Every structure is written in C-alpha cells, then in structure tokens.
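What follows is a single structure, written as structure tokens, with notes after it.
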Amino acid sequence: MQNLILYAVSYLLGSIPSGLILAKIFGHVDIKKEGSKSIGATNVLRVLKQTNPKLAKKLAILTVVCDVLKGVLPLIVASFLGASQSVLWTMAVLSVAGHCFSIFLGFQGGKGVATGAGVLAFFLPVEIIIALVVWFLVGKFLKISSLASLCALIALIASSFIIHPELDEIYTHAPILIIAFLVVYKHIPNIVRLLSGKEQKVV
C-alpha cells in the first residue's frame, strides 16, 4: 500500500505545471497559448522576455527549480521511508511521466527535461554533472535549448553505461532509457524543426 501511495504522489506532483502556474500568477500570461506553447522554463523565458526581461529570467529559474524539486522531493522522502531502489526508480519514471502527461492538463504537458534531470541527479550525480556541462556548452554557443537538452541526454546515457554498468539492486538501465524515451518523444516537434533549420534560438 505504501508503494502505491508513493507512486501516486510521484505522478501527481510531477503533473503540477509549475511554469504555467508561475507565468499566470506573476506574468499574467497563459504560456500554453504563447510562444512554443510549452509549459517549460524556456517558453516562460521566451514569452515573458518580450514584456519584462527581468521577470522572465526570475520565473524561468523558478520554473526549473520547481520542476526539479517536484521530482526529487518524493524520492528523498521515500528513501527515508526505506523504499527499495526499484520503487525509487519507478517513482522517478512516474514523476517524469506526470510532467510530460499531466492529469491536470488533459494528459498534455512539458518536455520532462528539468524533472528528468532532477530525478536522475538523485541516482546519478556524476552523470548529471557531465550532462550539465554538455548542456551549458551547447546552449552557450548554439543558443538552441532543445538541442542542448538532447545532447545532454545523450551524454548522460552514455556516461551512465560507463560509470554504472549495473545500477544498484535493479541491474538494468531500463528506467533511464524510459525517461530518455519520454523526453525524446516530447521533443519530436523540436527535432523536426532542428532538421529543417527552423528551430528557434533563445537569445
């Protein structure tokens, strides 16, 4: 019963559309109707930057923090409760699934990057540092958020197989690959635009 509660909490917290809520409360704008129509930090920044650059940066950062925490906090609580690695990994997948397919948004949602990074940092801190370095470098020089995220994801997956050939207790990289699949799936429109040279930059 405890595990079922943990799973439900992970999905429901993951489903909270942080960026959408913050943009509506403080920016008085519905980001699902503006810009890329995504609920993530990049769209918060892009949309609000047009009218209030300082607020845009603050809300974008706060969106990232909230999206990370909604994935990490349930894992921290569950670990204190003695949850096994298999339960924790299942919670991680459900948190990202909640963000990508939010029950509060008719099973629409964000791209899962910040929430995915948060839950993976809980298990794979070294790999996340590597991924963040890649994300920063690609983002800084190419200024394309989606490309930076996808390159960081590839770096994380590759480094996880090198640093952790077998994950503790579960002995499989399946949860990482499922999270990666969710993120890539939600990035399909971005990938299409990247291939056609039409993806927007974050200036």
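Just so you know, glycine gets a Cβ as well, placed from its N, Cα and C.
Copied over from Swiss-Prot:
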- 3-23: transmembrane segment (TRANSMEM)
- 61-81: transmembrane segment (TRANSMEM)
- 87-107: transmembrane segment (TRANSMEM)
- 118-138: transmembrane segment (TRANSMEM)
- 144-164: transmembrane segment (TRANSMEM)
- 172-192: transmembrane segment (TRANSMEM)
Field: Spatial neighbours of the transmembrane segment (118-138) far in sequence, C-beta under 8 Å, 6+ residues away
entry: 67-72, 75-76, 88-89, 91-92, 95-96, 144, 147-149, 151-156, 159-160, 163-164, 167, 176, 179
- line: Tertiary contacts of the transmembrane segment (3-23), defined by C-beta under 8 angstroms and 6+ residue spacing from its ends, are 29-32, 38-41, 43-44, 47-48, 59, 62-63, 66-67, 70-71, 73-75, 78, 81, 83, 87, 90-92, 94-99, 101-105, 109-110, 115
Message: At a C-beta cut-off of under 8 Å, are there same-chain residues at least 6 beyond the transmembrane segment (61-81) that contact it? List them, or none.
response: 2, 6, 9-10, 13-14, 16, 18-19, 22, 40-41, 44, 87-88, 91-92, 95-96, 99, 110, 114-119, 121-122
